[in-house]
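Some features that TrEMBL has for this protein:
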- 43-122: domain 'Lipoyl-binding' (DOMAIN)
- 177-217: domain 'Peripheral subunit-binding (PSBD)' (DOMAIN)
- 133-173: region 'Disordered' (REGION)
């Protein structure tokens with residue numbers, strides 16, 4: 001028994017092309033394949049495009065392509081003028097401009113009006129059919145609506161029935177491109193075009209769905225497509241009428257016990273004192289005044305001794321930084337500075353104020369008599385005199401003190417020890 005030879009073709013209109021499914025005679029099991037072919041013997045309407053969301057009409061300034069001329073994707077087909085600008089209309093795919101219905105210079109052309117017909121680039125224009133002007137169908141249907149309303153007494157209830165399943169025979173003519181799933185059911189159940197036009201469409205914009213075909217052939221309930229459409233229509237818009245603002249939550253009362261804030265103790269200052277004898281300083285001061293005639297106050301000796309004692313003091317205690325810790329891990333902490341310069345100024349007790357703050361010595365100039373001046377006698381030499389020292393001043397009983405933070409007590413002690421060493425042992429070093 002030989003295998004029967006048969007072929008099944010199903011086309012999906014998509015930009016002037018269709019997808020075909022063919023089954024051929026073969027000793028092997030049948031196989032399915034998809035291929036794309038140009039849909040012949042039919043052309044496509046080219047309507048006035050909307051170049052902006054607010055555009056309702058426009059003018060054709062010039063056609064760049066003539067009738068019968070082919071074009072490629074990206075070629076400029078025509079120029080359209082609006083009240084704002086003149087813009088080019090480019091082709092999205094290759095094709096042939098079959099016929100122009102609205103010539104260059106036409107004014108006030110509504111958006112959606114057919115202005116030309118285009119075909120596939122391989123179509124035979126001599127045998128090609130010009131499609132009907134779909135843009136004229138709304139006007140014809142609107143003019144026939146009053147007549148239908150007058151002849152049918154039950155037509156007033158038609159809008160209410162639109163939300164549910166439409167009765168067979170009331171559907172408009174199906175001039176749409178069917179989906180592959182719908183087209184497969186149409187061929188499987190041998191539904192012709194006349195019968196197809198009687199099936200009510202419940203899809204968006206009057207599109208025929210797979211459920212409409214299944215309801216027509218009885219595979220599902222007749223009201224199922226209408227219920228699905230009603231559900232989609234209800235969920236298409238968000239109902240905000242029952243939405244109320246949520247009440248503000250009440251602030252939560254903390255049940256955790258309140259922690260008492262304990263103030264950090266303020267670091268206390270310490271007073272570091274050290275007795276220092278100024279006997280050697282007074283001896284050096286006397287020698288300088290006697291030999292040079294210059295009186296250096298004690299404050300000069302003390303300030304110079306403090307300057308020397310501030311060098312290379314022990315570093316201030318501080319918490320290690322991140323760099324210090326990292327260097328300690330690498331074993332580089334030994335190179336850290338162990339000393340630093342201080343800025344201490346000691347306070348001296350039991351020191352004569354006139355001696356501590358005495359200004360530099362000034363030479364006392366004796367008054368010269370006018371007769372000595374006329375006689376040409378030389379004036380006597382000025383003698384440098386220092387500030388008088390208080391009789392109660394005891395050079396051996398002087399206390400040097402510093403008021404420093406608690407962590408600097410050791411550093412301050414080192415400073416005072418150095419000052420004492422310099423003033424008691426080598427004060428002459430301070431004037432070199």
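Just so you know, glycine gets a Cβ as well, placed from its N, Cα and C.
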Within the predicted model, mean pLDDT of the domain 'Lipoyl-binding' (43-122): 90
Secondary structure composition of the domain 'Peripheral subunit-binding (PSBD)' (177-217) [DSSP: H/G/I, E/B, coil]: 24 helix, 0 strand, 17 coil
Residue counts (helix, strand, coil, in that order) that DSSP gives for the domain 'Lipoyl-binding' (43-122): 0 helix, 38 strand, 42 coil
